[in-house]
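> This is the structure I want to talk about, given as structure tokens.
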Amino acid sequence: MRAPGAGAASVVSLALLWLLGLPWTWSAAAALGVYVGSGGWRFLRIVCKTARRDLFGLSVLIRVRLELRRHQRAGHTIPRIFQAVVQRQPERLALVDAGTGECWTFAQLDAYSNAVANLFRQLGFAPGDVVAIFLEGRPEFVGLWLGLAKAGMEAALLNVNLRREPLAFCLGTSGAKALIFGGEMVAAVAEVSGHLGKSLIKFCSGDLGPEGILPDTHLLDPLLKEASTAPLAQIPSKGMDDRLFYIYTSGTTGLPKAAIVVHSRYYRMAAFGHHAYRMQAADVLYDCLPLYHSAGNIIGVGQCLIYGLTVVLRKKFSASRFWDDCIKYNCTVVQYIGEICRYLLKQPVREAERRHRVRLAVGNGLRPAIWEEFTERFGVRQIGEFYGATECNCSIANMDGKVGSCGFNSRILPHVYPIRLVKVNEDTMELLRDAQGLCIPCQAGEPGLLVGQINQQDPLRRFDGYVSESATSKKIAHSVFSKGDSAYLSGDVLVMDELGYMYFRDRSGDTFRWRGENVSTTEVEGVLSRLLGQTDVAVYGVAVPGVEGKAGMAAVADPHSLLDPNAIYQELQKVLAPYARPIFLRLLPQVDTTGTFKIQKTRLQREGFDPRQTSDRLFFLDLKQGHYLPLNEAVYTRICSGAFAL
């Protein structure tokens, strides 16, 4: 875009003509002619097409910044902000459990969280102490971390799918002095009890399973019934920059990391979602996402705690109950993540899916290939796709419904929100730098790593990192925008078009090179899944001895062993370039996913195409014969020895 140079030329021409004594109208017309002739027409086109979008985005940014500044100056925290909501509407429904039908008003949520605060203060816990929470999503989950926050304590929110080593690891790295777990988690806690420190105090909440209560465990619910529901007599001196709780990364590439969430980050994330998608106080939000992650607990529950919306919780997503729940509770906003939209499209068409009042679906991970199919089939007017990790400072949002886009950054005023796509080595993901040692910005259409400039004094740009200092340092680069600055490295590759819309490409490590070409796992997964009726698919690269690059491998869910590999190949030939067609197929009962419905590839990549590592059906694409062959140990040996041409 040549707007800066064109603008300078037009200003110079305007000054010269004015000095010559020509009327200002003639001078302005001549300057405009120079501007357009110098390439400025591109900038004018961008202004015309994006001004409305950018002005709305700017208004959201300003609004969130002003709200945050007001709360910071007043010394508020999330519990203090929630207290104001309770005083405004004590009897309005705050949380509804769709699984049990249990309803909590704002006054009841306030009383429960007060009981939690008073109890843990009486038990000797102090501000700054960490308490781990390990139970399924229900109103008590919110009341527990909110109550701990009222007492100045910090919750570590554990993924309920963790077991054995990962569970013990997360508990150990959290520094928790106590563990609150649900009755449904007794067996999981029992498995790691021998690895937990003797000083860890354990509390169990909810109905006990057949295992009964574990040794040295206190029943929490009776203790809470005896605790005072009045506000704490002494409110801890906390502010918006203090820690609220810890959320663990999904662990798709290894053991989870504890991301630090401060009060201002919680507020910022919830506020951006609220204003960017024009949520209203009368909205009812359906939240079937895990509460141990930010989408469910901040973007979703945050609308309740900060803005007073009613939030309907379901502890686990159910494709068959989704629209029935929305109809029953008059939901107007729903959340999605990962593959949820695809799972809904897999359901048989029925009348109920159009009788709802849902106008907005907010989330991330909606594949462009099914975007319009989802909106047309279910009658949802707006998709609020966004991009952003729990800890990142470069979140973006699609505010105007651009199909396939996960957000935008203004081309008119790019420095208002200092994020950027920068060039990287596509094999190593190493930052590429210019002669001055600065990162090289990508041009429109060029894929690059998303980075955000860090300013710890600005709540919109700060990066709080992880409990692990080494993990934090790995996410920071220096001299990115300017000499000596610091920037957050998202680890994600996006591409921006000429109008500033950004599109998610791949998480770093999810692209691989084969036959001199870059293969996008996201693209191949989308194509395969669509061909197979929205089946779960994981695509990744595997190393083959003596062969440059990585060969594509696709793991496909085939629980009833009905898929024909060669029928799949016939279809792939029509829609994928030769280098993108998977060389190896793995047909398995189900594809592993995380708690947020993201495909889990770590185990699959480790096992590769070695038939000794799995009992799943494996196939190899014989290019000479033009079809897939069963891959047994003999074929595996021949591939590794170079007998087959890849």
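Cβ coordinates are placed from backbone N, Cα and C, and glycine is handled just like the others.
Here the structure is a predicted model, which means the values were calculated and not measured.
Relevant sequence annotations retrieved from Swiss-Prot are reproduced here:
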BINDING   Y246, I247, Y248, T249, S250, G251, T252, T253, G254, L255, P256, K257  AMP binding site
REGION    191-475  region 'Sufficient for oligomerization'
TOPO_DOM  1-13  topological domain 'Extracellular'
TOPO_DOM  35-646  topological domain 'Cytoplasmic'
TRANSMEM  14-34  transmembrane segment
> Could you tally the C-beta atoms, other than its own, that fall within 10 angstroms of the C-beta of Y246 (AMP binding site)?
26
> Could you list the residues of the same chain, at least six apart in sequence, whose Cβ is under 8 A from the Cβ of Y248 (AMP binding site)?
A156, L157, L158, N159, C170, P256, K257, A258, A259, Y292
> Quick one: give me the count of other CB atoms within 10 A of the CB of P256 (AMP binding site).
21
